[in-house]
Ligand SMILES: Nc1nc2c(ncn2[C@@H]2O[C@H](COP(=O)(O)OP(=O)(O)OP(=O)(O)O)[C@@H](O)[C@H]2O)c(=O)[nH]1
């Protein structure tokens, strides 16, 4: 009997050991999932990534087989990737050629005539004046061309080269067109954007932010156009699309206080550039001077303004030039943004505005698309004019 009990005990111990061994092996730790996270936060996943993520089961199906709720789709849209500046120029040159080609081609046709009589020279002058190049510049270019044609003896075959060289000289490739978007002493660069309502200011601020984001710079926007609530919302949308913070005030808030807050925010967060949109109501010169003067003064309590961009609508012609003059008397304009060049055949305004203000055109707007803003280049511009 004792032997029997002993045998049962030995078999029992052996069985328990085997089962325990199996259990321990079953609990052996699985390899850990990869917990490494990127230092750079990636944009929210695009719509097609949901194929990688199994649907979340909210609860086990109830006995009554009621329909289960689908998890809600995330509402945050993915961040956009703005187009790099280099490819913009190639794409937008076509658009520039489309709107300005008539002007350049008209000049070329006149210059290529067998006989360049006085009537032809007058027609050449008319074409230049119609394109808004301005009287003095027109005379300069006609003089230059007449001299060359005399010296070189006749029009064709070199009319294109001569015209190109004269126009490039006029547009002045030597002007420094770089945007001052960097600050010093660890402070952000501050770009103040001014111009009359409707010239495309807010749109330009949004597009410029995209250019800077494409160049991997960090940006904060200041919606100091508190005169028009829609402009503030418009800017907020531009910012959201590329993940750029927009500092805003309520409608009617003092624009200077919004500008101050935006630049302070930029300094505190160590961003590269703060761009400030302004209202710029051209009610009268004194009022404008007060408003923009104050905006600039309060900004400079935080960081120096590195660039003042005047936005001008190319379709407004001579009227735009009058506005440009008033703004440049009120604030030190350092660069011009010429918008809506796609909708105007008056590309000559580039020349007149540069002569009028003595500051370079730095950017051109060539459409309503988010990336339809490009750095201005004198030679590419003239080539587009000549088609
Ligand atoms: N075709 C074309 N349209 C443009 C261009 N730039 C701006 N626009 C349009 O011009 C209109 C006015 O632009 P906004 O940016 O709202 O003008 P704004 O100067 O900020 O006007 P306020 O906010 O009233 O001060 C909008 O419909 C823009 O889409 C451009 O280069 N080409």
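Glycine is treated like the rest: Cβ placed from N, Cα and C.
Just so you know, TrEMBL annotations are computer predictions that nobody has curated.
Residues annotated as region 'Disordered' in TrEMBL: 26-83.
Taken from TrEMBL, the feature compositional bias 'Low complexity' covers 52-73.
Residue density at residue 341 (GTP binding site): 29 other Cβ atoms are found within 10 A of its Cβ, drawing on all protein chains shown. If you look up TrEMBL, you'll see 195-202, 277-281, 339-342 marked as GTP binding site.
The average pLDDT for the domain 'SRP54-type proteins GTP-binding' (360-373) in the predicted structure is 94. The annotation domain 'SRP54-type proteins GTP-binding' is assigned in TrEMBL to 360-373.
Only 198, 201, in sequence order, out of the binding-site residues 198, 201, 278 have a CB under 6 Å from ligand 1.
When Cβ atoms from all protein chains are considered, those within 10 Å of residue 198 (GTP binding site) total 11, not counting its own. According to DSSP, the secondary structure content of the domain 'SRP54-type proteins GTP-binding' (360-373) in residues is 0 helix, 6 strand, 8 coil.
Using a 10 Å Cβ-Cβ cutoff, residue 278 (GTP binding site) registers 31 neighbours. DSSP assigns residue 341 (GTP binding site) to a helical segment in the three-state reduction.
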